[in-house]
Amino acid sequence: MAPRALPGSAVLAAAVFVGGAVSSPLVAPDNGSSRTLHSRTETTPSPSNDTGNGHPEYIAYALVPVFFIMGLFGVLICHLLKKKGYRCTTEAEQDIEEEKVEKIELNDSVNENSDTVGQIVHYIMKNEANADVLKAMVADNSLYDPESPVTPSTPGSPPVSPGPLSPGGTPGKHVCGHHLHTVGGVVERDVCHRCRHKRWHFIKPTNKSRESRPRRQGEVTVLSVGRFRVTKVEHKSNQKERRSLMSVSGAETVNGEVPATPVKRERSGTE
C-alpha cells in the first residue's frame, strides 16, 4: 500500500508545534538568567562606585570661606565694641599697650607738674646748636675755673666714687643711673671704665609677673575667653573733669563757703 499523503494544514500545524516545543525551553532559560543578572546588578552596590563619587577636596573649598567669614565677623564685633568704649586685647598685645599707656601718662604728669622755667629750658635744649654751645661753655668754665661748681652730669667731670673703705668694710655700690656695678678700693681713680668713657647699656625694667600688674583705674573685665579679653575703660576726660570738680569744691570749702549745686546756681541766675 502506498502511504497516504497528509494534508497541507496538518503538516503546517505539526511543524509549528514541533518548532514551539523545541524553541521554548531554549529561550525561557535565557530570559530568566538575563533577568536574574539584571536584578543582581541593580541590588548589589559596587565599592568602586562609592569611592569614586566622594570628593574630599570639595570639603576644604567649603571650609575656607566659612573660616574667612567667621574672622570678618569677629573683627566687626571688636570694632563695634571699641566704638562703645570697650577694649579687645590678647595677652601678647597687652604688654605693648601697657608700655604705651605708661609713657603717655608719664608725659602728661611731667607736662602738668613742670614749671615755667623748666619748660623754657626744655624748649631751649631741644635745639642741638644751643645744647652744644651750653656744653662747651660748661666745659670751659670747669677747666679754667677750679672753684666753679662741678656736678656729676657736667661734661668732663670725673664720676663720683665712694670714699675710702675701712679695713673690714665692704665695697660700696656705685650707681650711675644707667647701670649698676660695685667698685672697691681706696683710690679715687678706681672707677668704672664704662663710666669714664661713657660706655654703658641702659637698664631695662624687669618684666613684672602678670598677677602683680595693677589694673588701671576704671578698667572692668567684661569677657575673658583664653587669651582674648574684653575690658571697658573710662575716658581720661571724665576723670580729669571729676578731679577738677573735686579741686574746685575743696577750694570753696577751705574759704568757708559751701559749694552751690547747679540748681541753686540756675535759680540765682534767674533772680
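Cβ coordinates come from backbone N, Cα and C, glycine included.
Residues Ser33, Ser114, Ser224 are shown; Swiss-Prot lists phosphoserine for one of them, Ser114. Within the list Ser39, Ser142, Ser244, the entry that Swiss-Prot describes as phosphoserine is Ser244.
Scan Swiss-Prot for phosphoserine across Ser34, Ser109, Ser249 and the hit is Ser109. Considering Ser153, Ser237, Ser247, the record held by Swiss-Prot lists Ser247, annotated as phosphoserine. Non-local neighbours of the transmembrane segment (58-78) in the same chain are 88; each lies 6+ residues outside the stretch with a CB under 8 Å from one of its CB atoms. Regional average pLDDT for the topological domain 'Extracellular' (24-57) in the model is 51.
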